[in-house]
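**Q** Encoded as structure tokens, here's the structure I'll be asking about.
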Amino acid sequence: MPPLQPLSPAETPVHHELSLTRRLILLFMFCLAQFLDAFSNSALFSAIPVLEVSMGMTESQSTWIMSAFQLTFASFLLISGRISDVYNPKTGFVWGVFGLGVISLCAGFVVDTIPLIILRALTGIVSAMTIPSALALLVKVFPEPLEQARAIGTFGGCASVASSLGFLIAAMFVQWASYHWVFWFVAIVAVPAALACAFIIPPEIANTKYNLEPEAAKWKSLDLLGVTILTVALILFIFAVTSGSTDGWASAAVLVPLIISIMMMIGFFCWETRIHVDKAAIPPRTWFYPNFSILFAVALLPFFWLFTVFLIFTTLWQNVFEWSAISSAVHMLPIGVAALIMSFTGSLSRIFSPKWIILTGLSFCMVATVLMALGGGKPEDYWPYVFPAFSLGSAGIMLTYSHTNIAIFQAAPSSMAGTVGAIFNGALQFGSSIGLAAVSSIESSVEANHGGSHEYKGRAAVFWFLLAVLSILFISVSIFYHRSTDHTPQPEHGDLGHPARRSTDSDKKLDDVNVTIIEKADLANLPV
């Protein structure tokens with residue numbers, strides 16, 4: 001029997017060394033960072049109408065107030081996740097939260113459009129530093145599967161809760177103070193939180209498997225060329241799909257970056273197959289871990305669904321029904337309440353198969369989407385159609401979001417937690433950007449021929465489109481999600497016996513070496 005190998009510092013469990021109180025405090029700080037990131041995005045739904053008036057924004061400029069954050073956040077997630085896996089995730093987390101507070105403080109003093117868009121883009125970059133590093137730390141604080149599922153479910157739930165509560169809190173600031181406090185609120189919370197995290201996060205949970213390597217080796221492990229290619233490709237792609245809904249899909253300003261971005265993405269995946277698997281930003285084997293690809297596809301949905309609902313009904317209620325911002329926010333509360341309740345269902349994934357939980361969530365969303373497609377164009381439609389749709393749909397999307405998040409972390413090695421967190425959150429933003437561009441085009445084209453923005457037909461068409469997307473995902477999960485790996489231990493980093501490992505040339509070479517060694521050992525045992 002071969003001798004047992006000692007665990008690396010990154011693999012050593014730390015949950016027995018930390019008290020329950022300290023672990024819960026750490027979970028609270030990680031969730032707070034998630035809350036602030038989601039708040040920074042959703043709060044502007046309430047503030048944009050006021051910003052448009054006070055700064056004299058055009059329609060395209062107001063779109064970029066939202067899109068600038070999504071563009072940089074999604075684009076820089078991968079490099080942030082890779083840095084968390086290779087270097088110290090504590091450093092990235094603390095500086096990310098601190099940077100979010102400082103930039104938000106500055107944004108509160110800005111009164112011009114262009115500087116605000118630039119600061120929103122910078123906010124996306126620092127926010128991208130916090131999520132992968134928080135997840136990399138969280139899986140080390142809670143390595144036991146059941147506790148980890150609950151922690152990841154709670155962490156993910158904070159994003160959905162912040163999306164609805166952020167809308168309400170921002171509406172209160174806009175109604176009773178000024179839009180400046182939407183930014184200053186983030187600064188007031190983020191800066192002290194960052195300073196506290198610098199002391200309460202123990203250094204031992206920030207170790208990575210690359211800790212013992214020299215700095216030069218760590219630098220090479222970042223795969224800077226691959227990350228740069230993908231980052232630029234994502235920036236161009238999100239820019240193209242965001243501009244397409246306002247500038248027209250046939251314009252050169254949309255088609256050129258769109259084509260270049262697709263070519264660069266293809267180049268990125270080709271590059272990843274040519275370098276060593278341990279130095280690749282997204283090793284090709286990642287997509288072959290059990291259920292990883294289908295879970296990535298499902299991750300494109302939650303923010304797309306939520307932000308579409310926010311966008312459709314905030315514009316309808318404030319611009320057509322002439323409701324106040326605070327009234328619109330109060331009518332959105334069922335989304336937050338249902339999301340908060342569902343955020344505590346993480347332990348269900350250890351009892352039932354994530355497949356059935358995700359399918360249940362998608363079913364709820366399909367029923368809710370049909371209700372919103374059938375009614376919602378009149379104020380009296382709120383209680384018979386919109387309220388049950390909000391309650392059922394947000395519960396379903398929260399089930400889908402939380403258990404997709406849990407399952408995708410269980411599908412990959414814990415040493416890849418930062419990268420997996422970046423991929424998952426990148427999918428959320430990627431789906432949101434593409435989806436909002438698509439629904440904006442659908443709504444505009446239908447309204448142009450059916451009564452304009454004061455009619456509900458364009459919005460109803462958007463929900464029928466959402467129903468089609470949900471149906472495709474439901475069928476895909478039913479067919480492609482395999483339950484054979486449910487409730488099994490996470491694969492180990494570099495586990496050659498794992499089927500996903502056999503995906504690169506370097507892996508095949510290692511398999512050939514192992515076969516040769518086994519054959520020689522068998523020959524040595526043959527009788528003479």
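From the backbone N, Cα and C atoms, a Cβ is placed for every residue, glycine too.
Per TrEMBL, domain 'Major facilitator superfamily (MFS) profile' is recorded for 26-486. Annotation comment: TrEMBL describes 486-507 as region 'Disordered'. For 24-51, 63-80, 92-111, 117-139, 151-175, 181-201, 248-271, 292-317, 323-344, 382-401, 422-442, 462-481 (among others), the entry in TrEMBL reads transmembrane segment.
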**Q** Under 8 Å between C-beta atoms and at least six residues away from its ends: which parts of the chain pack against the transmembrane segment (24-51)?
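**A** 18, 57, 62, 65-66, 69-70, 73, 93, 96-97, 100, 104, 116, 123, 127, 130-131, 134-135, 137-138, 141-142, 151, 154-156, 158-167, 169-171, 173-174, 179, 182, 185-186, 189-190, 193, 196-197, 200-201, 310-311, 314, 318, 325, 328-329.
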**Q** Which residues of the chain, 6 or more past the ends of the transmembrane segment (63-80), have a CB below 8 A from one of its CBs?
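**A** Same-chain contacts beyond the ends: 37, 40-41, 44, 48, 51, 57, 92, 96, 116-118, 120-125, 127-129, 131-133, 222, 227, 230-231, 234-235, 238-239, 242, 245-246, 281-282, 418-419, 422-423, 425-426, 429-430, 432-433.
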**Q** With the transmembrane segment (292-317) as the reference, find which of 92-111, 151-175, 181-201, 382-401, 422-442 contributes the most Cβ pairs under 8 Å.
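**A** Between the stretches 92-111, 151-175, 181-201, 382-401, 422-442, 422-442 has the largest tally.
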**Q** What stretch, picked from 181-201, 382-401, 462-481, has the most CB pairs under 8 A with the transmembrane segment (92-111)?
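**A** By the under-8 Å Cβ criterion, the transmembrane segment (92-111) pairs most with 181-201.
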**Q** Of the listed stretches 151-175, 181-201, 382-401, 462-481, which one has the most C-beta pairs under 8 A with the transmembrane segment (323-344)?
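**A** Maximum Cβ contact count belongs to 151-175.
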**Q** With contact taken as 3 or more Cβ pairs under 8 angstroms (pairs 6 or more apart in sequence), are the transmembrane segment (151-175) and the transmembrane segment (382-401) in contact?
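**A** Answer yes, regions in contact.
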**Q** I'd like to know the mean pLDDT over the domain 'Major facilitator superfamily (MFS) profile' (26-486).
**A** 87
**Q** Six or more residues beyond either end and a Cβ under 8 Å away: which residues meet both conditions relative to the transmembrane segment (422-442)?
**A** 67, 70-71, 73-74, 77-78, 80-82, 128, 131-132, 234, 238, 241-242, 244-245, 249, 282, 286, 296, 299-304, 307-308, 311-312, 404-405, 408-409, 458, 461-462, 465-466, 469
